[in-house]
Amino acid sequence: METQKWSIVALCLLGVLGSTTVKVEEENPEFWRAQGAKALQAALNMKLNTNVAKNIMLFLGDGMGITTITAARILKGQMHNQSGEETVMTMDTFPHAGLLKTYSVDFQIPDSSSTATAYLCGVKTNLNTVGVNAAARNGICKTQKGNEVTSILKWAKDAGKSVGIVTTTRVQHATPATTYAHSASRKWYSDADMPASAKKEGCTDIASQLLNNTDIDVIIGGGRKYMTPKGTWDPEYPRDLASSGKRQDGRHLISDWQKMKVGKVARYVWNRTDFDAVDPDTTDYLMALFEPGDLRFDVERDPTMDPSIAETTEKAIRILSKNPKGFFLLVEGGRIDQGHHASRASMALHETVAFDNAVAKGLELTNEEETLTLVTADHSHAFTFNGYPFRGQSILGKSPLYGKDMLPYTTLMYGNGPGYKVVDNKRPDIRNVDTQSRRTTCSCLRCPWTLRPMVGKMWQCWPAAPWHTSSTGSRSRVTWPTPWPTLAVWDGTSGTVKVDLNTPIPRGSSSLLLMMTGTVHHPRYPPSLWLLPYWLPCCTESP
């Protein structure tokens with residue numbers, strides 16, 4: 001009872017103190033009504049873009065749930081000396097938004113490889129598997145054969161478009177790997193990571209598939225050590241054994257890649273100087289691997305050695321956009337997820353801000369009349385935002401309220417993970433801890449893990465450009481890319497679908513298309529009622 005009384009007193013005090021931070025114009029009701037009227041008028045003035053998209057940009061924030069976006073929005077404003085809450089992210093400016101739900105075939109909560117297979121290949125699959133259907137089993141090579149599924153990157157390449165991947169992780173990691181690889185295990189980065197039985201049964205590692213499966217025009221990220229023979233010194237960290245080559249088959253995949261591009265202008269770079277020297281106008285192929293493994297977190301990045309994700313996105317677009325048939329580009333903010341796994345909210349949020357800057361760069365360099373741009377995530381984290389912080393208070397700070405144990409806690413918290421610390425049945429006293437330090441782990445509830453698991457929340461998808469209006473509502477990620485090869489040349493006048501791409505519709509597409517009632521040709525609905533996208537990951541109904 002005593003605790004409850006003091007809690008009420010504290011809340012009343014917060015109300016009084018909080019009112020002192022209000023801006024004068026925000027006390028005027030007309031300030032808010034004017035904003036509402038402006039937003040309404042913008043919606044009424046919006047025109048439907050029914051063009052056929054030539055280019056597709058998919059921006060994927062790995063682990064970027066709605067709480068992450070909210071906190072990153074505030075951080076972005078505070079980085080520019082604003083209070084933060086009113087900040088508008090680039091992704092916030094997209095004309096439409098839809099909610100996505102996700103799960104893998106065998107688990108309620110998926111991982112990045114099973115979700116990537118869903119939104120890139122249009123097929124739900126099992127946890128930890130890449131580019132295969134659910135008949136394949138995690139880590140069992142013999143179940144992989146015959147169950148491979150192709151991705152939209154391959155469909156685009158077969159259609160004559162240029163294709164590329166940009167990531168802040170290793171290019172062999174789950175999300176980028178799914179664009180080109182088929183693997184019963186997402187962990188088979190190089191042959192050194194594979195069990196002998198898998199190699200004996202004929203499975204190949206993900207790094208080797210990067211060269212062999214699809215002719216990718218632009219490859220940017222990390223992952224050098226999976227491309228070179230065991231013991232090969234890394235050019236940036238020659239004294240670090242952990243950074244040296246890992247391959248047991250003796251192959252030097254970087255050299256092999258260069259030999260495969262004879263007659264073309266193909267550039268391999270591993271540092272900022274060489275990257276800046278790459279001329280997009282004269283470059284046909286680019287492989288840029290800036291680290292032995294994943295790239296550094298953006299706040300720890302050495303700008304003299306490694307470009308930002310916005311800069312790598314720009315280089316990729318400038319190279320790919322030379323193709324008159326268009327391009328497909330996947331841009332992954334992969335280290336958002338890894339910051340959360342370590343309960344380092346500061347890292348995750350700064351990565352999200354950097355990712356949003358890349359979205360802005362992508363929009364700047366393309367024409368929305370011919371480019372479909374989507375921003376979304378693959379899964380979320382047990383990440384919460386609480387504690388009645390004052391307006392403008394640092395998003396990385398502590399709540400002005402104390403817990404029942406009379407100890408402070410961080411505004412941002414995790415439901416599980418490395419931040420869990422209890423000594424003598426008491427949590428740490430963080431009054432003297434700098435919670436804004438990038439190395440500080442946020443408070444964690446009573447569920448200790450060495451690495452924090454993901455969460456299967458719904459999250460948003462922001463579409464912009466041709467037929468973006470179909471990406472609203474609550475949708476499933478199951479068959480995201482399936483309509484792309486069919487609907488690219490939809491004839492809305494005659495009510496027919498024409499296919500004249502250089503590749504047939506992927507195996508299994510027809511059955512998946514039937515699930516999308518009201519989205520694909522249906523005898524019960526006239527063409528005037530359809531909302532047919534060129535390629536809309538958010539457009540499909542739940543199976």
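Every residue gets a Cβ built from N, Cα and C, even glycine.
TrEMBL annotations:
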- 1-18: signal peptide (SIGNAL)
- D62, D337, H341, D378, H379: Zn(2+) binding site (BINDING)
- D62, H173, T175, E332: Mg(2+) binding site (BINDING)
- S112: active site, phosphoserine intermediate (ACT_SITE)
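Of the recorded residues, D378 (Zn(2+) binding site) and S112 (active site, phosphoserine intermediate) place their C-alpha atoms 6 Å from one another.
Listed recorded positions near H341 (Zn(2+) binding site): none (candidates S112, H173, T175, E332; Cα-Cα distance within 10 Å).
Ranking the binding-site residues H173, H379 by how many other Cβ atoms lie within 10 angstroms of each Cβ puts H379 at the bottom. There are 26 other CB atoms within 10 A of the CB of the residue listed as 'active site, phosphoserine intermediate', with all protein chains counted.
Counting only same-chain residues six or more apart in sequence, the Cβ atoms lying under 8 angstroms from the Cβ of E332 (Mg(2+) binding site) belong to F59, L60, G61, D62, I165, V166, T167, T168, T169, T175, P176. Between the CA atoms of the residue listed as 'active site, phosphoserine intermediate' and H379 (Zn(2+) binding site) there is a gap of 7 Å. Rounded to a whole value, the Cα-Cα separation of H173 (Mg(2+) binding site) and D337 (Zn(2+) binding site) is 12 Å. Every protein chain shown contributes to the tally, and the Cβ of D378 (Zn(2+) binding site) ends up with 29 other Cβ atoms within 10 Å.
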